[in-house]
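So that you can see what the record holds, here are the features copied from Swiss-Prot:
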type: REGION; residues: 1-40; note: region 'Disordered'
type: MOD_RES; residues: 19; note: omega-N-methylarginine
type: CROSSLNK; residues: 61; note: ubiquitin cross-link
type: CROSSLNK; residues: 103; note: ubiquitin cross-link
type: CROSSLNK; residues: 141; note: ubiquitin cross-link
type: CROSSLNK; residues: 217; note: ubiquitin cross-link
type: REGION; residues: 444-483; note: region 'Disordered'
type: COMPBIAS; residues: 456-471; note: compositional bias 'Acidic residues'
type: REGION; residues: 523-547; note: region 'Disordered'
type: COMPBIAS; residues: 523-537; note: compositional bias 'Acidic residues'
C-alpha cells in the first residue's frame with residue numbers, strides 16, 4: 001500500500017507545524033488554497049490492547065482483558081466495530097500481555113480479511129509498560145500522518161465522532177494547531193450504573209469554546225480545589241461539570257505522540273492532560289472536549305463496569321451493537337431476539353418448566369434443565385445447566401457446567417468452570433477458568449477462586465507483563481499445595497484469593513481491582529477529605545517553587561547546557577532534559593524562559609575576565625545562540641512568551657551594564673534566528689511602564705538604530721502586501 005510511503009513526510013510536516021503553524025501547502029498562496037481543497041487524509045486509530053494493570057487478575061492470568069467475552073463477543077471486537085463504523089480506515093493494535101492470543105484472535109477475525117474496510121495492523125512488544133510507551137513507539141515509527149483516534153481495546157461505543165472530528169480539525173485550522181486533543185464525554189448523572197467511581201471527574205470548561213480548563217479525578221473527595229485564575233480570565237463563562245462519563249475516546253493530533261516523546265514522565269492519558277493543563281503555556285497547547293447526550297460510550301475497567309455495560313448491550317442501549325446483529329460475522333454468535341430481550345443462539349435446549357424472565361442471552365449449543373429460573377444473565381456457548389438452578393445477574397462464559405440445585409447471584413464464571421450440586425454463590429463471586437466448586441457449599445460474598453495460587457503474585461514484580469512470568473513456579477506450587485475443601489468443597493479445585501470475611505486491607509484491594517472502588521462518603525473523616533483536597537493543590541496553576549528550587553533548577557540547566565556543548569548533544573535531547581527538570585522542580589514556563597535566557601546569556605562570562613569586553617562577549621555568545629536556537633523556539637511560542645523572554649534579556653543587560661552596547665547585536669541575533677518576532681520586539685521597546693534604568697537602556701544608540709531598522713523593515717513589508 002502507498003500509506004507507509006506517505007507517512008514520513010507527513011510526520012516531518014507535523015513537527016514543523018508544532019513550531020510555526022505552517023500547513024503542508026508551503027508558502028505560496030496557491031499551494032495553501034490547494035491544500036484546503038484536498039479531502040481529509042484517511043482516518044487512523046491507535047488501539048491499546050493492554051490495560052497495563054492487574055485490575056482483572058486472576059481472570060486475566062488466563063486470557064488478556066481485550067479478549068474477555070461481553071455478551072459472548074470479545075471486547076476488542078466491539079472496539080474495532082466502533083472504529084470501523086465511525087470511518088477509521090487503518091488501526092494500529094498494540095499488544096503486550098498475552099500478545100500471541102490477541103494476534104491469533106485478530107488474524108482469524110473479519111478485521112484481517114482482504115475485504116475489511118478497516119486495515120488492522122498488529123504491533124507486539126514485551127517492552128510496553130504504559131500508554132506512554134505505546135505513543136512514544138507510535139512517534140518513533142512515524143505511524144500516524146494526521147489526526148487519529150486513541151482508544152483502549154475494552155471500549156464499547158456507538159458514538160458517531162464525525163461532528164467532534166470536524167470541530168477538532170476546524171479548531172486546529174483556525175488556531176494554528178493549538179488544540180492537540182479532543183476528549184469525548186457522555187452526559188451521565190452521578191448515580192447512573194455506568195458511572196465508574198474511580199473514573200469520576202470534575203471538569204471545568206470554557207462554555208463558549210469547550211476548551212478544558214481543569215480536569216480532576218474525584219476519587220471519593222467531598223471538596224475540590226480550583227485555581228482562582230480559572231474564573232478571572234477573559235472567557236465568556238466557565239462551566240464546572242460533574243455530569244460527565246469519560247468515554248476514554250480521544251481525538252489526537254500527531255503532536256500528542258510527539259509530546260509523549262518529549263515528556264517521558266507521561267505514562268497515562270491523565271498524566272498528559274494534567275501536564276498540559278497545569279503547564280499549558282509550555283507549547284501553547286490546549287485540550288478541548290466534545291459531549292454527547294444520546295449516544296453510548298464506556299470502558300470496561302472492572303467487573304462493576306463489565307456487569308453494567310453487558311446489561312446495557314442486552315437492553316439494546318448500544319444499538320446497533322446488539323447480540324442478534326452478529327457484527328463479527330461468526331456462525332457461533334448468531335441468535336434470535338424476542339420479547340423481554342430474550343436472545344437464543346442456535347441449537348439451544350430449554351427444559352420443561354424453566355423460565356427466562358427478561359434480559360437473557362443463551363449461547364449456541366447451551367442446554368438448560370427443567371424448572372430453572374434465569375433473569376438478567378448471559379450464558380455462553382456450550383454451557384450445561386442442571387435442573388432447579390437459579391441464575392440472577394450471572395455471567396457464564398464458554399463451556400460452564402452448573403449442576404442441579406445451584407443458586408448463583410451477581411457472579412462471573414469463566415471458561416469451563418464447574419459448579420457442583422447444591423452450591424450457592426453469593427454476589428460478587430468469581431470462578432476463573434476450569435475452577436470446580438462443591439458440592440453442598442456456600443461461597444461468601446466477594447469470593448474469588450482461581451487455579452493460580454494467590455501467593456504466586458508476590459514474586460512476579462520483575463516480569464509482571466511477561467507472558468511466561470512465573471508459569472513454571474506456579475505449576476510447581478500447584479503440585480506441592482493441595483486444595484482446601486473448606487474453601488472450594490470436597491470435589492473442588494482452586495484457591496481462594498479473596499473473601500468478604502478477610503481483613504479490611506484485602507477487602508479494599510478486592511474492591512479496587514475486580515469490582516472497582518466502593519466509596520462510603522459518610523465514613524470519610526473531615527480531615528481525610530481536607531487532606532485529599534489539599535493534595536491536589538500543588539497541581540493547580542500559578543503555583544511557584546521556592547526560591548532555592550529555582551536556584552537548583554538554574555544550576556541543573558547550566559550543567560545540562562555545558563554537557564550539551566561538550567558532548568555535542570542534540571537540541572531535542574536538551575529539551576527533554578530541561579522538561580524533566582521543569583517537572584521535577586515544579587517550574588513554570590515563565591521561570592523556565594527566565595532561567596534559560598539568563599543561563600545562556602551568562603554562559604560566555606565563564607570564559608571572560610574583568611573588565612568585560614562587548615566585542616569578546618558577542619563573539620562567544622552568538623555561536624551559542626545559533627546552536628541552541630531550537631531550544632529557545634521550543635519554549636517561545638506566543639506573543640506573551642516573546643515578551644517574557646525580552647524581559648529576561650533586559651534584566652540581564654541591566655545587571656551587566658558594561659555589556660549594554662551588546663544588546664542590539666544580541667536582539668538582532670534572536671530576530672534573525674526566528675526566536676523573537678519583530679512586532680514583539682517593537683512592542684517591548686515601546687513599553688512605558690518601565691523603570692528609570694529600563695528607560696535609560698532604551699536610549700542606547702545601537703539599540704535605537706536596530707529598532708529603527710525593524711520599523712522600516714516592517715513598513716516595507718506592509719507596503720509590499
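Just so it is clear, glycine is given a Cβ too, placed from its N, Cα and C backbone atoms.
According to DSSP, residue 61 (ubiquitin cross-link) sits within a helical segment. Ranking the recorded sites 61, 141 by the number of CB atoms within 10 A of their own CB puts 61 at the top. In sequence order, 95, 122, 124 make up the list of same-chain residues 6 or more apart from residue 103 (ubiquitin cross-link) whose Cβ falls under 8 Å from its Cβ.
In this structure the C-alpha atoms belonging to residue 217 (ubiquitin cross-link) and residue 141 (ubiquitin cross-link) are separated by 32 Å. Put simply, residue 141 (ubiquitin cross-link) is 30 Å from residue 61 (ubiquitin cross-link) when counted between their Cα atoms. In the three-state DSSP classification, residue 217 (ubiquitin cross-link) falls within a strand.
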